[in-house]
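Structure below; questions to follow.
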Amino acid sequence: MNQSSLLAEFGDPITRVENALIALKEGRGVLLLDDEDRENEGDIIYSVEHLTNEQMALMIRECSGIVCLCLTDAQADKLELPPMVVNNNSANQTAFTVSIEAKVGVTTGVSAADRVTTIKTAANPHAKPEDLARPGHVFPLRARPGGVMTRRGHTEGTIDLMQMAGLQPAGVLCEVTNPDGTMAKAPEIVAFGHLHNMPVLTIEDMVAYRNQFDLKLA
């Protein structure tokens, strides 16, 4: 069964995006699937603005545990975050920067509370490069300008969703995994959404939404 059939219970593409925006404004998470011919995987996404220790613990416990902070190009530049590697030859050109840790307010940096502190420190509009230690336990991702219209990735989808919801343009994501450690695909993502009261949408939905409403995002 393809994504469209599986997600029909969540409404049409526009409704799915609108429900995701409502959830984010309420401080809840959403589940974002990328294209079936790409990774065909789902990420749990939370806004940095509303992020709680409990939500971070859920990502560590129920997902891959590799929690990434999606930042705009401008914020990553402001923090002077260089690429993780000089030559990025990953299949999807995921723009990891060096990993980070808050210099103040954390212990080992690995606990849910410490990761939330690091994330909120880095996403603060007034943050400075010297507020962060490198390396650390949080993995920033640099979103391409233009969002999903430029690159159909979870990073860009996260930043677009925050902007569309009127929230601070920073979000966290973590890939959802199955209990046996394999990657969750669309059927498992739908089940996860029901279990945790999270709407499900796709990158394709977001592209359709932006095209329909002619949304120009940074």
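Even glycines carry a Cβ here, placed using N, Cα and C.
Among the features that Swiss-Prot reports, D-ribulose 5-phosphate binding site is placed at Arg38, Glu39, Asp43, Arg151, Arg152, Gly153, His154, Thr155, Glu175, with the record citing sequence analysis. Per Swiss-Prot, Mg(2+) 1 binding site is recorded for Glu39, and the stated evidence type is sequence analysis. Swiss-Prot lists Glu39, His154 with the feature Mg(2+) 2 binding site. Marked as region 'Disordered' by Swiss-Prot: 125-151. The site 'Essential for catalytic activity' annotation in Swiss-Prot covers His137, Glu175 and rests on sequence analysis.
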Which has the fewest other Cβ atoms within 10 Å: Asp43, Glu175, the binding-site residues listed?
Glu175
Using a 10 Å cut-off on Cβ-Cβ distances across all protein chains shown, tell me which of the recorded positions (His137, Arg152, His154) has the largest neighbour count.
His154
Please report how many Å separate the Cα atom of Glu175 (D-ribulose 5-phosphate binding site) from that of His137 (site 'Essential for catalytic activity'), as a whole number.
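Here the two Cα atoms lie 16 Å apart.
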Which residue counts does DSSP give the region 'Disordered' (125-151) for helix, strand and coil?
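Tallied per class, the region 'Disordered' (125-151) gives 6 helix, 11 strand, 10 coil.
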If you measure Asp43 (D-ribulose 5-phosphate binding site) to His137 (site 'Essential for catalytic activity') at Cα, how many Å is it?
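Cα of Asp43 (D-ribulose 5-phosphate binding site) to Cα of His137 (site 'Essential for catalytic activity') measures 18 Å after rounding.
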Can you give me the Cα-Cα distance between Arg152 (D-ribulose 5-phosphate binding site) and His137 (site 'Essential for catalytic activity') in Å, rounded to a whole number?
26
